[in-house]
Amino acid sequence: MKFIDEATITVSSGKGGRGCVSFRRERFVPRGGPDGGDGGSGGSLLFRVNPSKRTLYAFRSKKQFAAPNGAPGEGRQKTGKSGDDLVIEVPPGTLIFDADTGAIIRDMVSPEEDFVFLTGGRGGKGNKHFATSTHQTPRFAQPGEPAQTATVRLELKLLADVGLIGLPNAGKSTLLSVISAARPAIGAYPFTTLSPNLGMVTLAGAEPFAVADIPGLIEGAHTGAGLGIRFLKHIERTRLLVHLIDASAIDPADPVAPFRIINAELAMFSPALAERPQVVVLNKMDLTGAEALAQQFINAAGIKKCFLISAATRSGVEELKKHLFELLCSHDT
């Protein structure tokens, strides 16, 4: 399924049904009074968080959503049937914006959260309501209230505890695949990952936590180079970043270059994101020469704690998982 994280749709509630003009007509009651029933209410339009959804793919082709109208009232004081509410399901982390003004309407984050966006129109009153002592046969009724219509822009920002960042081919997708049940595309070439992936990491006796793998960034991403910064929004909600570096590709002439490039791009996108706590991880330690290059990076960067792992062989991965869990727990307190 293609990853879709933005969509613009037009939504409407249902209009209220018209009130009925009717008079009681029964044998031996030649001049029965008005008995027109009320119209039914139109259906409301709601947005609901569905935790099983991970993309806005459902809105790729369908752009119009309308709740049913209320039915008109009937004789014998029968109220018309109300229109059913229309529920639009969205993934957790969906932002709803006014398409015209850009103002944020709602941030849908809580599981099973319901947001009544457009209320259905009330049904019109039947003519039974308008009889008076001086006007006992009203031949009019109220129309139902009109529907409400709006155009909204939906934007998805994944809800993850940890975000994986790094240059292309650093091994982010491989790491995600070994620490979770996620199965992202993996290849030995840059830009294998073309959209974010989300995985749940589990530890024995502990609450699982979510990790997002973001497509690799390159220098100049904030100006649109490579895949640009379109997907960086998906780690804005994270509490922690894992900065993954390919140890085997470190340049001895400038060992800190990969680290510096990514952090510069983060700062260009969002100063707040650049200040997010980071765990620095040197990957591909199983490759020839990686150990010496990793030491050069550590010396040049002056980082006190750095994890040395091989996602391919899973060396050091369990220790990393435990450390991430401990950090997340400490940030909760």
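Along the chain as shown, the residues are counted starting at 1.
Each Cβ is built from the backbone N, Cα and C atoms, and glycine gets one as well.
Annotation source Swiss-Prot lists domain 'Obg' at 1-159. Annotation source Swiss-Prot lists region 'Disordered' at 63-85. Residues or ranges marked as compositional bias 'Basic and acidic residues' in Swiss-Prot: 75-84. Look at Swiss-Prot and you will find 166-173, 191-195, 213-216, 283-286, 310-312 tagged as GTP binding site, backed by sequence analysis. According to Swiss-Prot, the Mg(2+) binding site annotation covers Ser173, Thr193, on the basis of sequence analysis.
A map of Swiss-Prot features onto the structure.
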residue	record	Cβ within 10 Å
Gly166	GTP binding site	25
Asn169	GTP binding site	19
Lys172	GTP binding site	30
Ser173	Mg(2+) binding site	24
Pro215	GTP binding site	24
Lys284	GTP binding site	24
Ser310	GTP binding site	21
Seminar exercise, completed: What remains of the binding-site residues Gly166, Pro215, Ser310 once a 10 Å Cα-Cα cut-off to Ser173 (Mg(2+) binding site) is applied is Pro215
Seminar exercise, completed: In the three-state DSSP scheme, Gly166 (GTP binding site) belongs to coil
Seminar exercise, completed: DSSP puts the residues of the region 'Disordered' (63-85) at 0 helix, 5 strand, 18 coil
